[in-house]
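Features of the protein shown, as given by TrEMBL:
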TRANSMEM  B:61-80  transmembrane segment
TRANSMEM  B:92-111  transmembrane segment
TRANSMEM  B:123-143  transmembrane segment
TRANSMEM  B:155-177  transmembrane segment
TRANSMEM  B:197-217  transmembrane segment
TRANSMEM  B:245-274  transmembrane segment
TRANSMEM  B:286-304  transmembrane segment
TRANSMEM  B:316-333  transmembrane segment
Amino acid sequence: MQANQPMNKTTSKSIYRPKTAAVVILAGLGLLAAAMASSIIYGASNFQLSTIWEALVHFDAGSTAHQIIQRLRMPRALAAALIGSSLAVSGAIMQGMTRNALASPSIMGVTAGATFMMSIGLAFMESASNTTLMLLSFAGAGLGAGLVLMIGSLSKRGLTPVKLALAGSAVTALLSSISSAIAIHFNVAKDISFWYAGGVSGVQWVNVQLLIPVVIIGLLLALALSRSITVMSLGEEVATGLGQKTGIVKFLGTLVVLLLTGAAVAVGGTIGFVGLVIPHIVRFIVGPDYRLIIPCSAVVGALLLVFADVAARMINPPFETPVGAITAIIGVPFFLYLARREGRGL
Amino acid sequence: MMNTTRKVMSVSMILLLAIAAVFLVSLNMGTMKIPLAEVIKAFNGTGSEQNYTVLVHFRLPRMVIAILIGAGIAVSGAILQSVSRNALADPGILGINSGAGLAVVLYIFYFQGSSFSSGVLSVYMMPFAALFGAFLAAFLIYTLAWKQGVTPIRLVLVGIGINAAFAALIIVFQLMMDPNNFMQATIWLSGSIWGASWEYVYAILPWILLLIPWALYKSQNLNVLNLGDHTATGLGVTVERERRILLFISVALAGACVAVGGGIAFLGLVAPHLARKLVGPRHQGMLPVSALLGSLVLLVADMIGKNLMAPSEIPVGLVVSCLGAPYFIYLLIKD
């Protein structure tokens, strides 16, 4: 399988670039602040920056503007940033661990699992609350990834990247066909599509409260693992030779991916291409060291998703364009460029 | 060599018998049960008018179509896997299904319900939209993957990218539809052969009759291409030209099948894997066995989809995935 070749080939000339990474992180955080501010300003009605400041420091429950800012726009902007970070970091970890440049959270069966549980929830539990649905899809994300990992570890020659991809696509096919059948039979297909293409448009504080702890724990674990992942990305034999316990690193890495994508999918539905493209862009700028790739991916991923979410509102107001479509439209040309430039290395 | 040929023969015979058996059972089953004796009477011309209508105008064309597109999708997948030397390749992954899907979704979105396409005409126009979309996708993939020739890996990667882009556009347009059109589009995208009639059979038959034998004729080249570009060139195959011809066969097959059957996923992936397991990797044996397997699986899946939750039907593509995926997982674990 060609896609299985080490991707480091393309970037072998690069070196450790902490200064570049510092610039990326600082500039990225600055831009992120600006993007989040504009995410709060622009929408069906636009606000002044001063109104936002007032809503933050002297919240007035009687003011509609303050209500909108507090209850709709702020959780939305925050959720977009957190989900963008989660997906980008998950993608980076998976690409590093599997040494496969095509690896991204969606091949793990995570999104299909979440959709599966959502369709069951929408079809059989009539008055399921938002929180219940979110917890259901979180459980579904775990179910999908658990199935994929189980198949991988049951198989005789262990969990190779190719096997992971094959198992992922089989589990995805199985779960998503069952959920389509349920959706068509119980006439909830459109609800489900709205949910999984809906991005962060309906996010409330409850969702953000679930996201924050999970994402913080996930990101901290990812940073702690980043050194080991760099070693893993040199190849499993090299890693073992350097005295690394690859089994533990794989386990922890997978756990982090599960936490981060599970939370992201539960709140934001399927948002493609962030986890695939961002790590590549970041690797191009800061080199192949995951101690730098992981924090930079977190910042740039957040930036992309907040930006895409603003675009989702602006393109066809008052309708929302699915944010996953926008990330795909930004992502696909870049992906094609990568595929053409260095097909073999990718 | 002799042994494999005999094996191919016996496996093919068993598959043919199985297809015949399922065919007979499937004729009896449906919202209206028709016993075998009545079926024979109907074809004799001594049965009831109603039975004759149900059998000849509804059940038969649908089953013939299942057999034809099952074979087509399986052979298309087998060719793609060999040409790209990638075990994961199938028309769905390369964006051919989603190209057709986008064309159909756009068609439903813009023309459905407008005076231009009232009634019958709209049903007959949809396959053309799908065919156009499939070829557009294939053209885009090939052009974008072209850079002094096309390597298998670049083809797969570009295909994945195109697939993602089309899938994104599909969901954008689908969400703007009203609930009825949305449902129609969802069912089409899941793969279904409900609307089958003899016209569709006549429309797809020439493609299948022309393209599958052509693929069989190219078996030896597929065997050689599977060894890798360098070896193939060394063995005297003009790699680029052969690859283009084989890709064309594969896309044309997939396009024609998608046009009639919708986005049936997983069959193009599973049938060749299964066939390789049964008769080995030589295409002379593997291609015909894939075709028979594809027909059998689709016929069975259609029977199940039609009867399991009758009177409402499950799109056949979903049944294929539910049957195919567990088997595929079993293969993965055992391998």
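Residue positions begin at 1 at the first shown residue.
Any Cβ shown, glycine's included, is placed from N, Cα and C.
Note: TrEMBL annotation is automatic and uncurated.
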Given B:123-143, B:155-177, B:286-304, the one sharing the most C-beta pairs under 8 Å with the transmembrane segment (B:316-333) is B:286-304
Cβ contacts the transmembrane segment (B:61-80)/the transmembrane segment (B:245-274), at least three under 8 Å, sequence gap 6 or more: yes
Among B:92-111, B:155-177, B:245-274, the stretch with the most Cβ pairs under 8 Å to the transmembrane segment (B:286-304) is B:245-274
Among the recorded stretches B:92-111, B:123-143, B:245-274, which has the greatest number of Cβ pairs closer than 8 Å to the transmembrane segment (B:197-217)? B:245-274
Surrounding residues of the transmembrane segment (B:123-143) on its own chain - C-beta under 8 Å, 6+ positions past either end: 94-104, 106-108, 111, 117, 150, 155, 158-159, 162, 166, 188, 195, 199-200, 203, 244, 247, 251, 254-256, 258-260, 262
Contact set, same chain, for the transmembrane segment (B:245-274): CB under 8 Å, 6 or more residues outside the stretch: 65, 68-70, 72-83, 87-93, 96-98, 100-101, 104, 126-128, 130-131, 134-135, 138, 142, 155, 187-193, 196, 200, 203-204, 207-208, 211-212, 214-215, 218, 221-222, 225, 286, 290, 293-294, 297-298, 315-317, 320-321, 324-325, 327-328, 331
